[in-house]
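Asker: This is the structure, below, for whatever I ask next.
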């Protein structure tokens, strides 16, 4: 594919030890050679080497920066094009000057995600792998990054390609039946083959969809909201789970005036922990904003940790709060077990019914293990499955797999009902196309542009 040469800063903007300007395209080495004082990059430098030198402004002859230049020649690069990476000091001013020089001498500013888009367009990766690159960058837990890396390595792609190949084999057999309708035994054999293979494809699609709920949690984290009256120990619970001091812990009710959020691994389950301001009536303007944000967080939660105070009897406020959350996935926690017990546990059990109940002391770090195990068991039914298995974690992929399951079922129903093979062929072809959208082989240009526009600059 004949494309122009693009350039961008590939490291976060701001002060740092290193900043990188990346170029990709047919003129990448030539443009860098015009700016670089050192070895002759075009002729004297082999591929996949790092070279010390300086960036010079060709017009003023001024030394702009002391650099290390990586030369990566096509096709063994991320984009399958020539790539230059100019490693500069991390100051904003200097790295921008180097970027401007690359554009002055022939490169174009890259669009968001354009380097990865070129890797896709040049056949280096497919669309699902490209999406996994961004998932990997955005991953907040070890497990999320592992799921993304498995997808980058092509595990999902291989499974999708295998099913598409099976559909092509069915379609080839259907074509034989259409071309030679006079042979009854051919039609019978075709129907039998079609049903057997189609049911296997549907079974594989179902297996992938079965991983969707867990995969989405791995990718995005389980949105977990800690809720309860002010000063029941919500912030202490957040700090114990993340083993950090993120929230202010005091004896003053209403100290948390905003929604605090943190990512953490709990028994291999990635949680997006949200500590809310206590939900109560208040005249304090700042606290009132926090309460409203808490209500919004509750409405979006996957899991709610409802905290009660062992040192206080249940109040109407506790009952009111539980009414708000009782129809969600809830774990009730009676905290501050190190203090005198003034709460009636039997009354708590009457209020919550079969909802899981854990007793803890965040001060003495007691009951935390039981809480973590309960969280894991509630969503994963025990041990989390092997992280090396292939998960479907992307909402777009899940939606397409559901569509493919329906169209392959339509083909099965049609074949079993004796519908003419050329009609069955339509459903099979549609299934093949839908699966192709996952890996980008049948995706529209508009979809591809939209997906890559979500990437960051320089990637």
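Here the Cβ of each residue, glycine as well, is placed from N, Cα and C on the backbone.
Pulled the feature table from Swiss-Prot, pasting it below:
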type	residues	note
BINDING	22, 85, 124, 459	(6S)-5-formyl-5,6,7,8-tetrahydrofolate binding site
DOMAIN	221-380	domain 'TrmE-type G'
BINDING	231, 250, 252, 255	K(+) binding site
BINDING	231-236, 250-256, 275-278	GTP binding site
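Could you place the listed features in the three-dimensional structure?
Answerer: If you take the C-beta of residue 459 ((6S)-5-formyl-5,6,7,8-tetrahydrofolate binding site) and look for same-chain residues 6 or more apart in sequence within under 8 angstroms, you find 10, 112, 113, 115, 116, 133, 134, 137. In the three-state DSSP assignment, the secondary structure recorded for residue 459 ((6S)-5-formyl-5,6,7,8-tetrahydrofolate binding site) is coil.
Across all of the domain 'TrmE-type G' (221-380), the predicted model scores a mean pLDDT of 77.
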Asker: Work out how many Å separate residue 234 (GTP binding site) and residue 22 ((6S)-5-formyl-5,6,7,8-tetrahydrofolate binding site) at their Cα atoms, rounded off.
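Answerer: It is 46 Å, counting Cα to Cα.
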Asker: Between any two of 22, 85, 124, 459, the residues recorded as binding (6S)-5-formyl-5,6,7,8-tetrahydrofolate, what is the biggest Cα to Cα distance in Å?
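Answerer: Max span of the (6S)-5-formyl-5,6,7,8-tetrahydrofolate binding residues, Cα based, is 19 Å.
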Asker: For residue 85 ((6S)-5-formyl-5,6,7,8-tetrahydrofolate binding site) and residue 231 (K(+) binding site), determine the Cα separation and express it in whole Å.
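Answerer: About 53 Å separate the Cα atoms of these two residues.
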Asker: What count of other C-beta atoms do you get within 10 angstroms of the C-beta of residue 231 (K(+) binding site), across all chains shown?
Answerer: 20
